[in-house]
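A.B. asks: Per Swiss-Prot, domain 'TGS' is recorded for 1-63, and the stated evidence type is sequence analysis. Per Swiss-Prot, region 'Catalytic' is recorded for 247-544. Here Swiss-Prot flags Cys344, His395, His521 as Zn(2+) binding site.
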Amino acid sequence: MAQISLTFPDGNARSYDAGITPAEVAADISTSLAKKAISATVDGQHWDLQWPVTQDAAIAIHTMKDEAQANELIRHDLAHIMARAVQEIWPDTKVTIGPVIENGWYYDFDRAEPFTPEDLGTIEKKMKEIINKREPVTTEVWEREKAIQYYTDNNEPYKVELIDSIPGDEPLRMYWHGDWQDLCRGPHLQHTGQVPGDAFKLMSIAGAYWRGDSDRQMLQRIYGVAFTGKEKLKAHLTMLEEAAKRDHRKLGREMNLFHMQEEAPGQVFWHPNGWRIYTTLQDYMRRMQDRDGYVEVNTPQVVDRKLWEKSGHWDKYQENMFIVEVDEDHAREKAVNALKPMNCPCHVQVFNQGLKSYRDLPLRMAEFGSCARYEPSGALHGIMRVRGFTQDDGHIFCTEDQITSETAKFIAFLSKVYADLGFDNWTIKLSTRPEQRIGSDETWDNMEQALGDACKAAGYDYEILEGEGAFYGPKLEFTLTDAIGRNWQCGTLQVDANLPERLEASFIGQDGSKHRPVMLHRATLGSFERFIGILIEEHAGKLPFWLAPRQVVVASITSEADDYVNEVVETLRAAGVRAEADTRNEKINYKVREHSVGKVPVILAVGHREVEERTVSVRRLGEKQTKVESLTNVTEELAKAATPPDLL
C-alpha cells in the first residue's frame with residue numbers, strides 16, 4: 001500500500017498507509033490520546049476522525065481542550081440531535097438545514113403546527129435522552145441516486161432539493177446516530193455521549209423562509225446555544241440577561257431618543273434627545289477629521305444608473321439598491337436612478353474635477369454621506385440594522401508608496417476616536433487575497449505588506465484572515481469589544497486600485513505622465529445609527545457626559561425655589577452645559593426616579609437651604625448619596641465635563 005507522510009504541529013513527521021484515519025493516528029500516538037480525541041485538522045481543514053487521509057498532509061489531533069474545534073463539533077452534533085428529537089416527538093415534521101452559528105446553532109423545520117415556548121422544554125428533555133444513549137455517530141458516502149431515492153421515500157423534499165444543488169463532484173456524506181440520519185458535510189463527534197448534556201439550552205423560535213426566499217415556504221427555526229461546560233453556558237446566559245438590560249431599543253424608549261414605525265421600515269425617527277447625540281458626535285468627528293487634514297464634501301443621494309454601471313455596483317449590488325424611475329419631461333424612456341448605497345463613486349467624481357498633480361496627494365476626502373441599502377424586513381434591528389443610514393465615510397487618494405503612511409495615520413486617528421468614546425479594547429484583522437481576484441501576486445504582496453507595516457508602525461498587532469479580502473484589494477477591519485464581551489466590527493480600511501481605473505481617476509506624476517491613484521476607503525464609526533446603538537449598549541445608557549443629550553436637570557424641592565432653579569439653569573447653559581429645569585409640583589424623589597430612568601447624568605436638587613446658601617445638592621446617576629456644593633464649583637466642574645475631549 002502507498003505510504004503518506006503526516007507532519008505534526010511540533011514539526012515531526014511519521015509515515016502511514018494511505019487511507020489511515022485520524023482516529024487511527026491518535027491511537028498510534030497513545031491510548032490516552034485515542035480516548036480523548038474528538039477531531040483533527042488536516043491541511044487547515046477541520047476533519048472527522050473517521051475520514052481517511054490519502055495524501056501527505058499537516059495534521060493536528062484535537063481534544064475537548066481545543067475550544068474552537070470542540071464548540072463547533074458540540075454545536076453541530078446538537079443541531080442533529082435536536083432535529084432527531086423533534087422528529088421523534090412529531091414524526092410528520094420535515095427537516096431542512098441546521099448550521100452552526102456564533103455561540104450555537106439553529107435548525108429549520110417544516111411543521112403544520114407552530115412550536116410553542118413550552119415545546120422547547122419538551123425537545124430539550126428528549127435531546128438529553130438521546131445524549132445519554134451514547135450512540136455511535138457513523139458516516140457513509142452515498143451515490144446521488146441512492147440519496148435522492150432515500151429522501152424521496154422518506155418524504156423529505158427539502159433534502160432532495162439540497163442534493164440537487166450540491167456540485168456533482170462533491171461526495172454526499174450521510175451521518176447516523178441510532179436509526180436517525182442526516183445529509184451533512186461534517187465533521188461530528190464519535191458518539192452522542194460526548195456532547196455535554198448540561199451545557200446547552202434552546203433559546204427561541206422564529207420564522208424563516210426556505211433559502212431566504214420570501215416566495216418559498218415559511219419554516220420554523222429553533223435556536224440553541226451550547227458550550228464545552230455548564231459554567232460557560234451560565235456565563236453566556238448571564239451576558240444575555242445583561243444585554244437585554246442594555247438593549248438600545250429599550251433604552252431608546254426610556255431616554256426618548258428615537259422611534260421606528262411601519263410607514264418607514266428600517267429608517268429612524270430621531271427625537272430631540274437622540275438627535276442631540278447624533279449632532280454632538282458628528283460635530284466631534286468633523287473637528288477630528290478637519291484636524292487630520294480631510295476636506296469635507298457632500299454628494300447627491302440620487303444618482304443615474306449610468307454611474308453605477310460604470311463603477312460596477314449595478315451588476316454586483318443592484319439587489320441591495322433602491323431604484324427610482326423618473327419620467328424626465330415625458331421622455332420616451334424613463335430615467336433610471338438609484339439612491340446611493342455608498343459614497344465612493346461620487347467621491348471619485350469630485351476628485352476628477354480639475355487636473356490633479358502628485359503634489360496634491362494624499363488627498364483625504366470625507367463625507368457624512370446619507371445612504372440607502374435594502375435589508376430584508378426580518379434582518380432589521382432597531383437602529384443597528386437599518387435601510388437608511390449616514391456613514392462617516394472617507395476616501396484617501398494616494399500613491400502606492402503612501403499606503404503605509406496613510407494607513408498608519410488613520411489607525412492613530414481611529415485609536416483616538418475610540419478612546420474618546422470609551423472603547424479601549426479593540427483589535428485589527430487583515431483580510432488577504434481571495435482566490436478570485438484582479439491584479440498580480442506582486443501587487444497583492446505589496447498591498448498586504450503595506451497594511452501589515454502600517455499596523456506595526458502604529459504600534460498594533462493584527463490577526464490575518466486568509467482569503468477574506470475583496471477581489472480588488474486587502475482590507476483592515478477594526479473590531480470593538482464592549483463591556484459585556486461582545487464584538488462589534490465598526491472601522492474599516494480597504495485598499496482599492498479597481499474603482500479609480502473604472503472611473504478614470506488620474507493624477508500627473510513627477511514624470512509628467514498620467515497615473516492612477518490608489519483609493520483607501522475608510523470609516524471609523526461605520527454608520528452613525530449603528531454606532532450610536534453600540535454606544536448606548538456599551539454604556540448602558542450612561543453616556544460620557546459630553547455626549548449625554550440631557551446633561552443636567554435642576555429640580556425644585558419646593559416651589560419657592562423655582563426662581564433659583566431657573567437661575568442655576570441659565571448659569572449652566574451660559575457655561576456650555578445642557579441643563580433644564582424641573583419645577584413641576586411633584587415630590588423630589590419622584591423627579592429623581594424619573595430622570596434617573598432617562599439616564600440624566602446629574603440631578604441638582606434645590607430647596608430652601610440651597611437658595612439661601614447659593615448651593616446645589618448634587619446627585620450623580622448611579623449614586624445614592626448627594627453632596628451639597630457651591631454653584632460656582634459645580635458650574636466649573638460640569639463645564640469642563642461637558643467639553644468634548646478634542647477641545648480640552
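Using N, Cα and C of the backbone, Cβ positions are placed for all residues, glycine too.
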A.B. asks: His395, His521: which of these binding-site residues has the highest Cβ count within 10 Å of its own Cβ?
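C.D. replies: Top count of Cβ atoms within 10 Å goes to His395.
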A.B. asks: Is it possible to list how many residues within the domain 'TGS' (1-63) are helical, extended or coil according to DSSP?
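C.D. replies: So the domain 'TGS' (1-63) is made up of 14 helix, 25 strand, 24 coil.
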A.B. asks: Long-range same-chain neighbours of Cys344 (Zn(2+) binding site), Cβ under 8 Å, sequence gap at least 6?
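C.D. replies: When sequence neighbours closer than 6 are ignored, Cys344 (Zn(2+) binding site) has Ser311, Asp393, His395, Asp496, Leu499, Met519, His521 within Cβ distance under 8 Å.
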A.B. asks: What kind of secondary structure is His521 (Zn(2+) binding site) part of, going by DSSP in three states?
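C.D. replies: For His521 (Zn(2+) binding site) - judged by DSSP and reduced to three states - the answer is strand.
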A.B. asks: Residues other than Cys344, His395, His521 within 8 Å, Cβ to Cβ centroid, of the Zn(2+) site?
C.D. replies: Met342, Asn343, His347, Asp393, Gly394, Gln494, Asp496, Leu499, Met519, Leu520, Arg522
